[in-house]
Amino acid sequence: MLESITENLTNAIGNITRGKLSEGNIREGMGEVRKALLEADVNYDVAKAFCDRVTEQAVGDKVLKSLKPGEQIVGIVYNELVNLMGPVDHSIAIRRGETSIIMMCGLQGAGKTTTCGKLAKMLMAEGAKPMLVAADLQRPAAIEQLKVIGEQVGVPVYWEEASSSTPVKVCQNAKKAAKQQDCNVIILDTAGRLHIDDSLMKELIQIDNKLMPNQVLLVCDAMTGQDAVNSAKAFNDALELDGVILTKLDGDTRGGAALSVKAVTGVPIKFAGMGEKLDLLEPFHPDRMAQRILGQGDIATLLETAQRHMDADELEAQQKKMLEGKFDLNDFMKAMGQIQKMGSMKSIMKLIPGMGQLSQAMDAMEGMDPDKDIKRVKAMISSMTEDERRNPEKIDRSRRNRIATGSGADPAEINDLLKQFKDMSGMMQQMAGMGMGDRMKAMREIQNEAMNPNSRSMSQGKQRSKRGETTKDALREKKKKERQRQKKNRKRRK
Ligand SMILES: Nc1nc2c(ncn2[C@@H]2O[C@H](COP(=O)(O)OP(=O)(O)O)[C@@H](O)[C@H]2O)c(=O)[nH]1
Ligand SMILES: [Mg+2]
């Protein structure tokens, strides 16, 4: 997600800050920034006001006469991006001794029912006892869907036959049922429509008036861009929203909804849906989002993801083995498994400062797919015997051929893997004997090597990219190819 806004915005800012800074240059360059925002589907007025605010601060003497005006301007853009989306309060007030009510609303397909389940799971982890309420009587399938989700999360679902009840009645009865079952939060899964209409709004306003929810949350689909923002405004006018949950932020969104919704409605995004699975709801952090949009990665989220998915004891055991030089191919395999649990390599790389570009470059290069590489390496190691994994030096020509046949790889690939593993083990042992400063330096060297996709360790086996190619070259090459393709298409149409 967000690749194109990141690229366009950083290019635009780069152009402003590269040359000699003057008021005229800045004003001119801000036109590019505005274009980048509009291309990302940011609301027109929001983009204009944003650029006006940045320009006003950037052309002042304080910036132009400062030591590093370029950095100051990047700082101004960052702050304004954060202000555009925040501040946000992630708490969902659960009152003691009474049944708290959370009402979810939104258009059909936005992700309401799924998000009810995610929210219940999140609240459970915080010690609450939620109950889900099937207040969408429009489609019989909606009740069934909520029941399935309730079962997956392990929370009760209150429902009534759609033919003999009304949404308000269901919610009122659910409140009573929650008391009896000792639940302290009810989450109302209300109906949606493909478009906002009067009867939908009337139904929601009725529930709002009768139940007086503690929180009304709007579920918005990030993929629908400005439509999502316009509907958010309509819902807010009718219901006074407390927050927005932006779903499908894992998808191919251009970022427009995330950047505009708070500015247009005054209601911040509290949480973001990052996938279909029920544990993929995250607090929305405007600062981290701004960092990502500016291509600066998101280390905070990376660390949180690592903590959530990696086993700390296992990590420590592996580290100890590494330092003692006892790290074998079994451990290597386990380490890769742990990384895979965090998500795809490419999604992880996007969170590391500077690595986002590398991941884009990989897209441009044929055969460059770190996730496929991990799978291949795992297949090769799986075809080794326990003894071979522990003592890779025993793998001779005939064993190598057997492993290659077993894993569908080329014998040369097995050689490469073994050599890489040997190099890596050597490097780790060397690092174990180093002081902190040298270790940092070595880490930087490893990172540099990773940043250059030509580096030996990443392009062995198959000749995947031409020599001397850097990330930027690869991006340029990708764009060139795209232009050629478009040209061809145009010719064909003629
Ligand atoms: N990729 C992705 N898909 C989601 C997310 N949230 C919901 N979905 C999917 O969106 C579709 C519609 O969701 P649903 O909860 O039924 O929407 P509702 O009509 O608003 O209740 C389903 O296929 C969900 O799995 C998300 O955060 N990421
Ligand atoms: Mg639904």
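Yeah, the Cβs are placed from backbone N, Cα and C, and that goes for glycine too.
As recorded in TrEMBL:
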BINDING   106-113, 189-193, 247-250  GTP binding site
DOMAIN    268-281  domain 'SRP54-type proteins GTP-binding'
REGION    383-411  region 'Disordered'
COMPBIAS  386-398  compositional bias 'Basic and acidic residues'
REGION    446-494  region 'Disordered'
COMPBIAS  449-462  compositional bias 'Polar residues'
COMPBIAS  466-476  compositional bias 'Basic and acidic residues'
COMPBIAS  477-494  compositional bias 'Basic residues'
Any residues 6+ beyond the ends of the compositional bias 'Basic and acidic residues' (386-398) with a Cβ under 8 Å from its own?
328-330, 333, 414, 418, 421-422
Residues of the domain 'SRP54-type proteins GTP-binding' (268-281) by DSSP state, where helix covers H, G and I:
0 helix, 6 strand, 8 coil
Number of other Cβ atoms within 10 Å of the Cβ of R193 (GTP binding site) across all protein chains:
15
Whose Cβ, among the binding-site residues G106, G109, has more other Cβ atoms within 10 Å than any of the rest?
G106
Report the same-chain neighbours of T190 (GTP binding site): residues 6+ apart in sequence with Cβ closer than 8 Å to its Cβ, ordered by sequence.
M103, M104, C105, K112, A135, D136, P167, E203, L204, I207
Summarise the model's confidence over the domain 'SRP54-type proteins GTP-binding' (268-281) as a mean pLDDT value.
94
Check the binding-site residues K112, T190, R193 for any whose Cβ is under 6 angstroms from an atom of ligand 1, and report them in sequence order.
K112
List the helix, strand and coil residue totals of the compositional bias 'Basic and acidic residues' (386-398) as derived from DSSP.
10 helix, 0 strand, 3 coil
Filter the binding-site residues G106, G109, K112, R193, L249 down to those with CB closer than 6 A to an atom of ligand 2; keep them in sequence order.
K112
Test of understanding: give the count of other CB atoms lying within 10 angstroms of the CB of L249 (GTP binding site).
25
